[in-house]
């Protein structure tokens with residue numbers, strides 16, 4: 001870890017690693033700075049240039065504090081891609097930028113995997129994954145801006161960029177401090193609307209929603225720190241657990257262990273949402289009851305994910321910014337095998353641990369299986385509200401089993417321990433997925 005060691009004493013007192021302490025300090029510092037950004041540097045009081053510079057400088061300081069000399073990478077990749085954005089033909093530029101960004105990111109993923117295998121320490125690949133999303137989404141938006149509107153989908157038209165950003169606009173977008181450390185992904189058009197204040201009609205105070213989100217984030221952190229040692233996911237590699245525990249117990253343990261792992265992401269994403277909202281970013285109109293919505297760039301819907309009625313709903317509620325990026329970059333631009341290519345890009349973006357590829361391969365398989373079951377069975381349950389309720393309960397229960405089953409390799413990271421565990425679970429859900437694809441549609 002190459003970040004600052006100033007707060008080693010806090011790490012020793014708290015029992016946390018210094019990189020975790022630095023992350024928390026950086027995010028709560030960003031929370032305080034975002035209040036300044038919303039009040040002192042409000043669009044009605046400051047020029048866009050000043051808001052750009054303030055966000056850029058704060059992002060650079062936070063990046064250097066957390067990553068030390070590694071922070072050169074969060075400047076190097078955007079600088080390299082900016083050259084391609086400014087010089088290449090818009091018809092091919094987006095593909096070159098995507099390739100360059102993924103190769104750069106992949107090199108750092110491989111470096112970490114070789115020299116710090118399976119480490120959970122904070123490192124530059126996290127922010128660089130987010131910057132890769134920004135760079136490539138901007139490149140595709142500029143590409144779309146050079147096309148006829150009739151050629152674009154609704155999303156592409158919404159995020160199309162007609163002019164190449166200036167250097168200040170570009171780099172302030174890359175390093176904007178509220179989203180530097182944990183996202184969420186902000187598309188360039190939304191960012192520029194926020195900087196200029198062009199979408200503000202009646203701006204509500206975010207104080208209440210920020211207070212709620214900060215408290216939810218703290219609660220998630222407490223749950224994670226206190227309970228994760230009681231249900232370590234690595235237990236599934238133990239011979240006694242694999243060979244002696246029943247299938248039902250394995251499913252129960254997987255469900256609890258993977259759910260607790262998610263609380264780490266809930267903490268980071270909900271706190272990041274609060275930081276954005278505290279800066280005035282994320283207002284998304286009003287609900288029917290008159291309350292303000294602050295979910296324009298939210299990265300997670302905890303309730304929807306944990307209580308989803310289908311696999312599709314779960315995926316849509318998880319890492320929402322990345323889902324939008326994948327849809328805009330791959331899914332809407334490929335005619336054949338769009339689902340496979342989308343999962344493949346997601347796996348490559350995450351890195352090269354075998355567990356990632358098992359999880360996303362499973363994701364593709366079960367996505368196809370769930371679509372097949374929906375096409376085959378749903379029509380029989382739409383005749384009344386009672387039958388529709390029965391269908392929803394069936395899919396909800398199935399989803400509760402499927403999610404931990406397909407995602408635990410993502411946490412374990414290793415190939416053979418994951419395969420071994422699947423074999424000792426008799427590949428039960430894999431066989432059911434294959435039946436959903438090839439057997440059920442022929443019988444019904």
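Backbone N, Cα and C atoms are what each Cβ position is placed from, and that goes for glycine too.
What TrEMBL annotates here:
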TRANSMEM  20-41  transmembrane segment
TRANSMEM  53-72  transmembrane segment
TRANSMEM  92-110  transmembrane segment
TRANSMEM  170-189  transmembrane segment
TRANSMEM  209-231  transmembrane segment
TRANSMEM  251-272  transmembrane segment
TRANSMEM  347-368  transmembrane segment
TRANSMEM  389-413  transmembrane segment
TRANSMEM  419-440  transmembrane segment
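With pairs at least 6 apart in sequence, the transmembrane segment (347-368) and the transmembrane segment (92-110) have 3 or more Cβ pairs within the 8 Å limit; the two touch. Residues 236-237, 242-243, 247, 250-251, 358, 362, 365-366, 368-370, 372-373, 376-377, 401-402, 405-406, 408 of the same chain sit 6 or more residues outside the transmembrane segment (419-440) yet have a Cβ under 8 Å from a Cβ within it. Within the chain carrying the transmembrane segment (53-72), a Cβ under 8 angstroms from the stretch's Cβ atoms is held by residues 2-4, 19, 22-23, 26, 29-30, 33, 37, 41, 122-124, 127, 168, 171-172, 174-178, 180-181, all 6 or more beyond its ends. Sequence-distant neighbours of the transmembrane segment (389-413) (same chain, 6+ residues past either end, Cβ-Cβ under 8 Å): 118, 233-234, 236-237, 251, 254-255, 257-259, 261, 307-311, 313-314, 353-356, 358-359, 362-363, 366, 370, 377-378, 381-382, 421, 425, 429.
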